[in-house]
Amino acid sequence: MAATAAALAVTDELALPLRAVGDLAAAAGVSREEVVVITQCASLGGKLPFDDASVGSVLAVIKKVENLGDLFITEISRVLKAGGMVLIQSSPSDQDPNNSIQRKLLLGGFVDVQASAASSQDSEHSVTIKAKKVSWSMGSSFPLKKATKGLPKIQIDDDSELIDEDSLLTEDDLKKPELPVVGDCEVGATRKACKNCTCGRAEAEEKVEKLNLTSEQINNPQSACGNCGLGDAFRCGTCPYRGLPAFKPGEKIALPGNFLAADL
């Protein structure tokens, strides 16, 4: 059994034209003397006398397509080196042989299967099927490159100017707020209620205005007739204290909480 061969030419006929051998040598890039020729390959029982992956290129000139069975395609793949080329020439007299051969090559694991007219001038071998063995060996492994996902980069424009927050403040914003004086409403008997009064002075003044009385008349009530402090039953029609509760002279009149409420 031959160990290796630059190129191998096989045929199921008794002889192989020299032109076909030359075509294989030219396609394989070797000299004609480096091509090993095997005739009547059908008698080999589908076996080729070569080691595994020991042949660079194979040319098969097959007259009968039935001689190119699946077993023979597998044998060609066995002796071919990884990435090796195979050329198959068949007779055009067979019914659409190229499609059948292409299908067998594809099922046999070959790639880049193409059909073209043969360069040989032999009219009996005018259809050429070209294919290529895969460049990797069965059982070989290689690492897969995992895509690394990086964090998105934030583009920071150093030329951009930052706004000073203090520049957004006005002069009024910078002024110190004036706090209200605690208990200011209670200072002095003649003080008026402030705008946002919460101590009750505003309500008291509203009651006084309704009665048309002065603060002095409320805080220190006096009666010329002596009946004003006894109640409405003893007051005259022009009494300024009419409608107020009874009181003692000189004591502050206590107005009820519902004094301003409307009578139903």
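The backbone N, Cα and C atoms fix where each Cβ goes, and this holds for glycine too.
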Field: motif 'Cx2C motif 2' per Swiss-Prot - which of 116-119, 144-147, 236-239
entry: 236-239
Query: Among the binding-site residues C194, C197, C225, C228, C236, which residue has the largest number of other Cβ atoms within 10 Å of its own Cβ?
result: C228
- line: Within 10 Å, the Cβ with the most other Cβ atoms among the binding-site residues C199, C239 is that of C239
Query: How does the model score the motif 'Cx2C motif 1' (225-228) in terms of mean pLDDT?
result: 72
